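Participant: Attaching a single structure in structure tokens format; questions to follow.
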């Protein structure tokens, strides 16, 4: 069994459902220390974070990943135990195989190989891991970034091991992500009998024109390689369950995925103004998950495009699609950020898996990226 495959299996066997780490980072730190890395454990709240560095000074290249996984769901739905890694027909199955214990294992192996071959490399190679990526992401990289700001820690380049490939390893290079902003709108009315609407105020009827305007609005036409900003209603609830009662309150949850054309305060102001025009009696709670980030043409992007093209046999698609990642907390530090990882077809699903051949190729891919950035 190859080194990366063995380490991936060891990590999968640790049931690190967010925010638990289940000893993953301790095992990784032991290996990185043996390779000459300095390791710092940053426990913030209930979350484990690991900051490991080799070398000194600029440029600083960070390999960013997470050791937590989403819950497996009903175990009887899996072909095999989600935390008992199994290889069948050249495919490794287990929770976290693709998202993202395979990438984390590949980071470790690539880092070990790189510093063994280039012990006096230029700049700093760092590995940053958290156990709070799949959950609320409050005490993970978000908090670590605050610590870095206080210390004056700079980062030049960041490679996140998120499963970015679509069909074959290296066919997509993630160069940015949209921002994410969620809102919970509560519209107040007056409860009453449906036969006497004049004695009540139906919050569904009152809010309907405003909601229609919200969902019909075209926020922008996209930005660079970003798709247009999108607002989606995700949950609507009102009423007691009885069909003869006008509800006294309506609650609507919604989410915006937005381009760098916007920021969260401007979007919040726009939506508040729209609701005010409709003279609603309402409250609105916001949750800012992260601002958008975008890595323009530069050394990191050009090197990654070149390396992925070599490994995949064709230039990668360069995309800003998908959800959010922890790179959104590193980019504001001034870092150029990209995401490179295995095929994402099975992430968060029953029988999550990664092709063994892809997993075994990942360390060489990451090591090549590191060498072209830190070896002059």
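Any Cβ shown, glycine's included, is placed from N, Cα and C.
Swiss-Prot lists 68 with the feature active site. Among the features that Swiss-Prot reports, active site, proton acceptor is placed at 133. What Swiss-Prot lists as Zn(2+) 1 binding site is 66, 99, 162, and the listing cites sequence analysis. According to Swiss-Prot, the feature Zn(2+) 2 binding site maps to 99, 134, 348, an assignment based on sequence analysis.
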Participant: For residue 99 (Zn(2+) 1 binding site), which residues of its chain lie six or more apart in sequence with Cβ-Cβ distance below 8 Å?
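Facilitator: The list for residue 99 (Zn(2+) 1 binding site) reads 69, 70, 162, 163, 344, 347, 348, 352, given in order along the sequence.
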Participant: Using the recorded Zn(2+) 1 site (66, 99, 162) as reference, state which further residues of the same chain have their Cβ within 8 Å of the centre of those residues' Cβ atoms, listed in sequence order.
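Facilitator: Apart from 66, 99, 162, the close residues are 65, 100, 103, 133, 134, 160, 161, 163, 325, 341, 347.
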Participant: Using DSSP with the three-state reduction, classify residue 133 (active site, proton acceptor) as helix, strand or coil.
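Facilitator: Reduced to three states, the DSSP call for residue 133 (active site, proton acceptor) is coil.
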Participant: Here the binding-site residues are 66, 348; which one has the lowest number of other Cβ atoms no more than 10 Å from its Cβ?
Facilitator: 348
Participant: Does anything in the same chain, at least 6 positions from residue 68 (active site), have a Cβ under 8 Å from its Cβ, and if so what?
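Facilitator: The list for residue 68 (active site) reads 16, 17, 18, 19, 20, 21, 130, 131, 132, 133, 134, 135, given in order along the sequence.
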Participant: So around the Zn(2+) 2 site, 99, 134, 348 aside, which residues have their CB within 8 A of the centroid of those CB atoms?
Facilitator: 69, 70, 96, 100, 347
Participant: Under a three-state reading of DSSP, tell me whether the residue listed as 'active site' is helix, strand or coil.
Facilitator: coil
Participant: Which residue, out of the recorded positions 133, 134, 162, shows the minimum number of other Cβ atoms inside 10 Å of its Cβ in this structure?
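Facilitator: It is 134 that, of the recorded positions 133, 134, 162, has the fewest other Cβ atoms within 10 Å.
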